[in-house]
């Protein structure tokens, strides 16, 4: 086996060395680049991978005791506002012409008389009912005397609760994507001009 490998290597060396020397003596031959069109591969369909839902047990937070915060009352001094003088505003009388309303004529409506026959109710006779008087003899109830009950004091030893170790709860950071709000278009609002009546001030005496 070793001799066969040695013979193969020897033959390869004898063939390769002269070929290499021949290639070294010849100048390099220019070969233009060959255009290879890109190979288009059809898309491979990959079915979606379904992941089973992961159950996360709810994290119980112990109630936190917050002592009440005492806020002292804040003294606010009374605010004194000086009287504001408002001159009388003269309003000229507004003349409204009388509105003519023609009289409305309603034709008379005829209502025939309604005949109601008289209703006869015969008298109902109720015989008198005799109720004899009920006599109840007096009932004697002797006074009830209850002796005092002695209750010895009950000793309750103090209850000692060992400290409970609560491991810290790890909360992973929650990623909140930025919220993009589209711009809201507000059409221009037309405001008609406001006409203010002239204000007449008090008359000035010379």
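Cβ atoms are placed via backbone N, Cα and C, with glycine included.
Per Swiss-Prot, the feature signal peptide maps to 1-22; the stated evidence is sequence analysis. Annotation source Swiss-Prot lists repeat '2' at 37-41. The repeat '4' annotation in Swiss-Prot covers 47-51. Here Swiss-Prot flags 51-84, 132-206 as region 'Disordered'. The annotation repeat '10' is assigned in Swiss-Prot to 77-81. As annotated by Swiss-Prot, repeat '13' applies to 92-96. According to Swiss-Prot, the repeat '14' annotation covers 97-101. Sequence annotations record features per position, and here Swiss-Prot assigns repeat '22' to 137-141. The feature repeat '33' is assigned by Swiss-Prot to 192-196.
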Practice problem: Report the DSSP secondary-structure composition of the repeat '22' (137-141) as helix, strand and coil residue counts. | Solution: 0 helix, 0 strand, 5 coil
Exercise. Tally the residues of the repeat '33' (192-196) by DSSP class, grouping H, G and I as helix, E and B as strand, and everything else as coil.
Key: 0 helix, 0 strand, 5 coil
